[in-house]
């Protein structure tokens, strides 16, 4: 497989890419690039695509939260293609259908190039599926081609905006777009003209306590998810380190409980959204093998059980659906968490190598890289499993609260914003103390 990828390397090199910075980007410049990309993202969300007079029904709202999309605009597909490409690559590597030593920089570059190629191809495939699933009604072949081109173009622009943030900004574009979209939904849902807050006050004034409770629960659910995520983000295991050259110099290597951040939830939620999209597309084509749909929601089959149950009422209406969805969310989060650790250089072997290069060792143990790796493996693998399972369970539980922006959306947004805050502090610290920056880069 490695030799095959080397053969297609010239093709991957033909794909346009955002040029890597030739110098260190200052903190101020990173903020400017991040803000610019965010503004461009919102602008793309205001540009309606040409539909030839057809209106897009609200049945595709399930796609919006996790894919940072806005229906009927250039960002209708959002980050769907690039995240789906990530899922495919994770599964191919995890199942060893693609056998690559990702500890080698060249192989990792090949992996990322192939993922980008998949992402661009999926921009057109998912655009075709949207149109084929009846998003715009009956269309002529020419109008179908026009819509597919517009949807794919918007998704490709999102891929490159994500690349700009990754190389010149702070954090990742994927996280930034999700947080921006969900934050907008929460703000409008709370304080908008038809927001829950004003409905709550109106119901209280009218003396309708049960109605008022119904309106305030989504707001309370949002706050609860926020507090839980912030608390869990601060749980960590600290491994004592000793410096090989400086006698008496000690440090700590922190391993967060949510070691792989929110990536497992993003990948799992995107997979579930793709199941819904495929189900609608196949039903429209006359092959309802994943289930049947009514008003855009699956009512039976596999697609129904992978659909997100919203609100406490969903627990009592169909407990089996709620349990199945929760179990699947936990299982897929664990799988994607383990795959992500291996493919992103967060595994014990890669981290042991980094510590060895810094001439650091775990206090009380031999300095050899193998010894460090074995010790780290005792922590990293169990924490990855437990942390991924927890965020999967929390995402499902958050959906049951009926939180604004969707429970999964709120979980992702809070986690993304918290990590962004940590990166901002790290960037500022690095700029004030160059020696710390050098350590962080290593």
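Just so it is clear, glycine is given a Cβ too, placed from its N, Cα and C backbone atoms.
Matching 403-421, 422-440 against TrEMBL, the residues noted as transmembrane segment span 403-421. Of the candidate ranges 114-136, 142-161, 173-192, 322-341, 322-341 contributes the most Cβ pairs within a distance under 8 Å of the transmembrane segment (379-397). By the Cβ criterion (distance under 8 Å, sequence gap of 6 or more), the transmembrane segment (71-93) is counted as touching the transmembrane segment (142-161), at least 3 such pairs being found. Counting Cβ pairs closer than 8 Å to the transmembrane segment (142-161), the top stretch among 33-51, 114-136, 212-232, 403-421 is 114-136. Sequence-distant neighbours of the transmembrane segment (33-51) (same chain, 6+ residues past either end, Cβ-Cβ under 8 Å): 25, 68, 70, 72-76, 136, 146-147, 150-151, 154, 157-158, 161, 164-165, 168-171, 173, 176-177, 180.
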